[in-house]
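The following features are taken from Swiss-Prot:
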BINDING   8, 9, 10, 11, 12, 13, 14, 15, 16, 117  ATP binding site
BINDING   87, 123, 127, 175, 259, 271  L-citrulline binding site
BINDING   119, 123, 124  L-aspartate binding site
């Protein structure tokens, strides 16, 4: 029996050509694997048939939209994950779920190697291969673009020569990756970081300079996970999809960043993540209401490290799992509702309520009914400032001694 190679298949030009390219270069049979994480476009059946028409001996397709939303997007939301305080890990969190299906397909079809379409200078090669090696330590990984010299020009020529059922064009200058959590755009004229993005860069969001009337939405959370919009119970996938539509119509979630890649270079990236950014804004505010101060302060450090690990392809690492445990524990009381106004590119908190919150009106109010015992403040201040006061007294004592020595020296002169 011939060796089999699992190929992460998107249905596009590069991976369609990679089926025959890999087979010719290695002599192996290729099994195409397509995973739907909410990227839209063609149906899985259309993609499956194209893979077979391009020479795959088998085609494995998986609708992973709910899995992706519940098991990957929701942990990302709980961690308020924004790499470099901006990027909500759009591509970074899709690679682990795709990798899980690639490894499952390798077991099902008896393959010993997994192939992906990443270049040798991006983050995704690391994310795929680290995830695959973690889930299947016995599996090998190859990348046709990186390892088998498959360039875009060669792919077009190969597709035309072999009459593959795929459109070949050089018209679109951008490299685009998208899923239900967001959309990533790079290359083309965007590589000159002085150039501003043009209207054709965007697809998930409308121009925030010309918004419709404000859209007010109430998001309900249970243990840090959104459960309803405007009183309607919905799944995580449905909530993300609806907020993509509503926040996207208001231009929310546009991000333009020069990003520090894992491989050591800086890269200009454009992201659209209307649903993700609206949810993160709401979740952060609900944490402000429900988390104890020291817990919230420490969680920010954990969130940042969690985000860095996931960006760097360490979704399945021991440390990331340990941080998951801490983050999940902090979400026990993150229950309630946040009211957001979506308008002009912004998701602005207008109201918040929680039965498990730590906001106590009677303690916070300055009006009648104030239950805060202000007489306790003086003793608290004395104790709270004692160490700083003691240090200051030492400095003044030493400075005074030095000043006396200076006066004596001047007198002798």
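A Cβ is built for glycine as well, from the same backbone N, Cα and C atoms used for every other residue.
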Applying the rule Cβ within 8 Å of the centroid of the Cβ atoms of 119, 123, 124, what extra residues of the same chain belong around the L-aspartate site?
-> 118, 121, 122, 125, 126, 127, 263
Sparsest Cβ environment (other Cβ within 10 Å) among binding-site residues 16, 119, 123 belongs to 119
Fewest C-beta neighbours within 10 angstroms among the binding-site residues 87, 271 belongs to 87
Identify, in sequence order, the residues in the chain of residue 175 (L-citrulline binding site) that are 6 or more apart from it along the sequence and have a CB within less than 8 Å of its CB; answer 'none' if there are none.
-> 185, 186, 187, 188
Widest Cα span across the ATP binders 8, 9, 10, 11, 12, 13, 14, 15, 16, 117, in Å?
-> 13
By the DSSP assignment reduced to helix, strand and coil, which category contains residue 10 (ATP binding site)?
-> coil
Cα distance, residue 12 (ATP binding site) to residue 259 (L-citrulline binding site), nearest Å?
-> 26
What does DSSP assign residue 127 (L-citrulline binding site), in three states?
-> helix
Could you check which of the binding-site residues (12, 16, 124) sits closest to residue 271 (L-citrulline binding site), going Cα to Cα?
-> 124
Candidate nearest residue 124 (L-aspartate binding site) in space, where candidates are the binding-site residues 8, 12, 16 and distance is Cα-Cα = 8
At the Cα level, what's the spacing in Å between residue 14 (ATP binding site) and residue 123 (L-citrulline binding site), rounded?
-> 18
